[in-house]
């Protein structure tokens, strides 16, 4: 009987002599397979709960977190805008490195390291050729940096041993460089240990618009991220913009026929790749967003390795609630799943209202590029 | 010390002396609770610990977990994952589990018969607690048919082989003194094997218990206590030799408790969907247990207590296997299992002591040293028989 614990791992024994056992205990009578009532069809959750039984219980307190994933989609940060003597646009930002407990799934807190108390950090939005001046103030208990993807001098690379290197607790520095090239980029902390500084939440989107802009569209930023809540080197909760299943609970309103543009960034830690799959539609994909013509056309799934990003463009032909998620089923079921609520234009105000959004959100979604042209500071 | 030296006091005053330390202890505890012993600044992050004590599949599409909080503070189960997917669930009475608290979590999950499923509980600070369903099969519900079938299994495993072993009794009666001593030594050998086996089983159950039960020390203490109690009972008539029937009864009790464990194992194997393992166990234990009948009958060779006594002894030794099968199959309780097995260890150890004493006395009567080569051969034979037949039940 010393096999008690091993009993738990010994399912291979089933292959031997199962027939004889059935006769002994009438095992056949014990279980008959019947269709299960709790499993509903994929794709159209009436209660916005998402994915049948595959969901989280409860809701996240966004007010306490200080950020709401629906607002994160469109909150472009243009910085404090002014003009340099040479006519160049100067954008100034202040990033404060802070430790903050955030609720990443209903009832589950994560001891995050953040830029400005939020995960992901502010979405920097600028135009190619702008001068960027980003002050980093470290108010946390660990050294941090900001490492920007893109083209810049070595001293501004935000890695240990280059320029100011790691900024110690209480310290600060200024990163200054020209924004180039245009594209959908990324910034993150590059202090060591690198994995921890990234998966703890120190990253954000860095969007450089091309001079001539892109065609008008409804624009959203989506950072594919995840959280290792027990620090075992594997993620427990997956999401875009931090909160698992949030866009399944509150689908993102879009209008039928309009162009939708996603700035999609993969900042996943511990898993090699992430992907994006759109239901009921095909999209054009611009790898890294550094081209004005798509790098792949009419696809419905794209793959991004760690740190990779791109721009996704599509229009919906039909109304309804369309799912989006990585075509990595595991991540989908662990929270990285959401919905677009595609409606007729006349139904749009109602769709906004349903998920607690207002016209400001709509304006920001539609005028990401135009607002920046006006040089408005947020 | 003389009685005069003790001042005479009223009984109430004497009680006050007894209460003073308790009152002062109360003050000390209050101080520690309020100040945290002055080490509050050193208090680290929360330590969360819960144990999933039982996973059952009561019906199609339902997984039920029994969770016990055996950590130092309360734990909130915020989310549940099944097979690496977040899943809807209900917790009763609450998702918040205080220390020593219990919660039943129901997950409406379409489990698949014959598959393995992995469960994870995610706490409010992100700690993960894991449990496993090795082979999904609907947990047997107590109904008349199954009750009867499980009972029959217990009968095959416990009662029948022991009764068969006892059928050697008429033959044993015709053996000479040396051969009887050999068989008693053989009994000692097989009991030693059973004691070790039961001890290890008890420890394995104990290891699965929530930490506050202190399973391993509890097993040792319960075994020791059982041994002591039985020893006291067995030697109360000073100088007299223990009656052969008394010795046989105690052997039967010890073996009975051991067989309860075997029944538990078989019942639990079927409850966990390990039907094939259960079948092996039934065959193995049946063969293994036939020697137990010999052991029980051995002390009786000089004095036949009558067939009724044999029936009773067989029931005491074999009956618990039936009870164990029911318990394991329908209402497995690791705490009870651990206690029963620990008592079994004590009981078996006590009869080893007692039967060993019989062998020694018999040797002295014959003018031989305590440990003869014959006795040693008997013990060895007992251990070897058990060891070899145990091949059938070890996986």
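Each Cβ is built from the backbone N, Cα and C atoms, and glycine gets one as well.
Automated prediction, rather than curation, is the source of TrEMBL annotations.
Under the heading signal peptide, TrEMBL lists A:1-31.
According to TrEMBL, the region 'Disordered' annotation covers A:33-57.
TrEMBL lists A:41-50 with the feature compositional bias 'Basic and acidic residues'.
Sequence annotations record features per position, and here TrEMBL assigns domain 'Plastocyanin-like' to A:98-212 (among others). Taken together, the residues in the domain 'Plastocyanin-like' (A:98-212) have a mean pLDDT of 96 on the 0 to 100 scale.
The Cu cation binding site annotation in TrEMBL covers A:144, A:149, A:188, A:189, A:197, A:202, A:327. Annotation note: residue A:149 (Cu cation binding site) sits in a coil segment as assigned by DSSP.
Annotated domain 'Plastocyanin-like' per TrEMBL: A:227-343 (among others), in sequence order.
Applying an 8 A CB threshold to same-chain residues 6+ apart, the list for residue A:149 (Cu cation binding site) reads A:185, A:186, A:187, A:206, A:307. Contacting chain B by the Cβ rule (under 8 Å between Cβ atoms), the binding-site residues A:144, A:149, A:189, A:197, A:202, A:327 reduce to an empty set. Listed binding-site residues: A:144, A:327; maximum Cβ neighbour count within 10 Å falls on A:144. Look at the domain 'Plastocyanin-like' (A:227-343): DSSP puts its residues at 9 helix, 56 strand, 52 coil. Residue A:202 (Cu cation binding site) carries neither a helix nor a strand DSSP state and counts as coil. DSSP assigns residue A:144 (Cu cation binding site) to a strand segment in the three-state reduction.
In this structure, residue A:197 (Cu cation binding site) is part of a helix by DSSP.
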